[in-house]
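Working notes, beginning with the structure itself.
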Amino acid sequence: MDHAPAAEEHIANATLGQGAGYAVVLGLGGAFAIGMIATTFILRRYNRELQTSEMFNTAGRTVKSGLVAAAVVSSWTWAATLLQSTGVCYRYGVSGPFWYASGATVQIILFATLAIELKRRAPNAHTYLEVIKARYGTVAHLVFMVFGVITNILVSLMLIVGGSATLNALTGMHTIAAIYLLPLGVIAYTMVGGLKATILTDWAHTFILLLIIIIFALTAYASHDVLGSPSAVYDLLIEAATRHPVDGNKEGSYLTMQSREGAIFFVINIVGNFGTVFLDNGYYNKAIAASPVHALPGYIIGGICWFAIPWLTATTMGLAGLALENNPRFPTYPDRMLDSDVSAGLVLPYAAVALLGKGGAMATLLIVFMAVTSAFSSQLIAVSTICTYDLYRAYFKPEASGKRLIYMSHCVVVGYGLFISTFSVGLWYAGISMGYLYVMMGVIISSAVLPATLALLWSGQNKWAAAGAPVLGLATSLTAWLVTSKKQCGELTVQCTGSNIPMLAGNVAALLSPIVFILILTLIFGVDKYDWKSMLEIRRGDDDDFAQEAGVNPEEVNGGHEDTQAEFEVEQAKLVKAGKISRWTTVILALAFLVLWPMPMYGSGYIFSKPFFTGWVTIGIIWIFGSFIGVGLFPVYESRATLARTCKYIWKELTGKSHIKTIHAEEAAVVGTPGDQTPPEKAGLKEEVRSS
């Protein structure tokens, strides 16, 4: 596809100059990189955190629920979260944001159960693929490794392709330059700080992102001169439906949940997002990094807080785009947006320009940059842990030292970043947009969701079912997708294969066909009787070399205090209890988001009245403030003691009141010896066991 005309048009219409694009990508990206590198130095100097292979890849397994929630929200807030959700709102009206948000929230909430089971079954794992290998052996391990890496590649491509398209549209920055420069800062701080730096950056990015979304919402619904209230937006949406009614919506209205195409997107969205959560090692990384008692609340808080981001962003900016497209302020006025531009994710930036001018363009640039870079850092760590532990240590050098493991992680981070940028350039030349990748990913990966889930939840799944069902399911989904495309359009083109009906067929076949294949392979090869013991034998990295350099006991670096049997049993009992709570909680929340809330409105074909629409928007604004408290302020409150202590140490050293050795002695008295990553709550648990 020839991109030259489109690129020239974007440059001509750019609200910000190319300098702004380079300033954000290089300047802000560099500032975050320097900030996270400095944070890693401070943690090492004042909190005595050794950057071992375990710390690099698991963050010491001590992260609290607030930061876990912020990391989950950040990892799940892709460029597509903001851009694609706004696009479906522009196409289908108020139903689009809800279908997007609910269809992608339930996976995070349901994943909480899997996170608890991973902590319980395999407390020393670095990736979910290690669990597959421990249970099923090499063949299944290699199958799931392929699906896992493909998942990370598809997500990474969506991030970079969507982010670079937005940069080009807003600043005129050349798309290829944006593709190669976006990952630079992320690679730098991920290499230095590992998973801990990624999680801390996730919080910072989420904090800024939520503030900008709040500004957008309050501008559109409270202070704008053309919009300025839900009532004004409502009236303009009525006018928009008169000019171009929505095919498949009740009475062509933008103000109804009864949308045929919206409902089809809902199913595609649910299916595809199961794959990108349950097969993305990045989410297992967060579960592994969490302290055992914080995994469940972290994922539940994260899922509930995340819902408001796509729901309110799209309800604000998608509807603002519809309301303002007939206004000279809108970039495409007097024409409607091209479908290709909607698929490329340009509704959000165009609506922001119409709403706030250059300020809106800069705000959009910032939130897309935050979404792309924070989610991409999660992908870097996910792929580096897979390549380091599931490929290098598993098959090439089982006795690799901690230093060697970190060296491999660094190589993978750099190599993967370069690979994704180069692949994205190819997709750009081929005319494959972020929207196409988003709806296609379920077809490719979702056949592995059920077998991966059963690996942790059902002792009866045999190795042939685990290894065979994903492959057979993939063949089924590809066949369903391409045959439906051929039958519907008569030819296989990007436009046809990316349309809703073929994607629906492929996605549903991918998620559901493994049920049949697992049953057949279980009947043929029998029900397994797995005892879960081999998962407990997964070992941590050998960081003796780091211990020798630091002059501490190697046992302290390689996991700290060794649990007694009594301590292990107490922790297991807590995780079993958390598992029961998570099952009930996740089922109730999933039913609320998927059935109890939307389906009565869909079935009745209710068209929103003005008071109802006002209430709908008000709930969204209240919810986003709750999200800001939950993942913006709560992590700071939760870590207040550590923050205060670290700031005190920095002040003492800067003012000459204390030497670093004295500070280390104070810190040792508070948190234990170097390398002891025992969380405070577990330390209290151990004391409780000892006293009993």
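Every residue gets a Cβ built from N, Cα and C, even glycine.
In TrEMBL, annotation is done automatically, which means it is predicted and not curated.
Annotated compositional bias 'Basic and acidic residues' per TrEMBL: 683-692, in sequence order.
Residues annotated as region 'Disordered' in TrEMBL: 672-692.
What TrEMBL lists as transmembrane segment is 20-43 (among others).
Per TrEMBL, transmembrane segment is recorded for 63-83 (among others).
What TrEMBL lists as transmembrane segment is 98-118 (among others).
Long-range Cβ contacts of the transmembrane segment (139-161) within its own chain (Cβ-Cβ under 8 Å, at least 6 residues beyond either end) map to 78-80, 127-129, 132-133, 179, 182-183, 275-276, 279-282, 371-372, 375-376, 379, 382-383, 386, 390-391, 394, 416, 420-421, 423-424, 427-428, 432-434, 437-438, 440-441, 444-445, 448, 451-452, 463, 466-467, 470-471. Per TrEMBL, transmembrane segment is recorded for 139-161 (among others).
Per TrEMBL, transmembrane segment is recorded for 173-192 (among others).
TrEMBL lists 204-222 (among others) with the feature transmembrane segment.
Here TrEMBL flags 296-324 (among others) as transmembrane segment.
Positions annotated as transmembrane segment by TrEMBL: 405-430 (among others).
Annotated transmembrane segment per TrEMBL: 436-457 (among others), in sequence order.
The transmembrane segment annotation in TrEMBL covers 464-484 (among others).
The annotation transmembrane segment is assigned in TrEMBL to 581-600 (among others).
Marked as transmembrane segment by TrEMBL: 612-636 (among others).
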Stretch contact, the transmembrane segment (296-324) with the transmembrane segment (173-192), Cβ-Cβ under 8 Å, 3+ pairs: no
Whether the transmembrane segment (20-43) meets the transmembrane segment (173-192): three or more C-beta pairs under 8 angstroms: yes
Interface present between the transmembrane segment (204-222) and the transmembrane segment (98-118) (three or more C-beta pairs under 8 A): no
Proximity of the transmembrane segment (204-222) to the transmembrane segment (581-600), 3+ C-beta pairs under 8 angstroms: no
Same-chain residues at least 6 beyond the ends of the transmembrane segment (63-83) whose Cβ lies under 8 Å from its Cβ atoms: 104, 108, 155, 158-159, 162-163, 166, 196, 198-203, 205-206, 209, 277, 282-283, 286, 289-291, 294-295, 297-299, 301-303, 305-306, 309-310, 313, 345-348, 367-368, 371-372, 374-375, 378, 434-435, 438, 627, 630-632, 634-639, 679
Contacting positions for the transmembrane segment (464-484) when only residues 6+ beyond its ends and CB under 8 Å are counted: 132, 135-136, 139-140, 143-144, 147, 443-444, 446-448, 450-451, 454-455, 492, 497, 501-503, 505-510, 513-514, 517-518, 521-522, 524-525
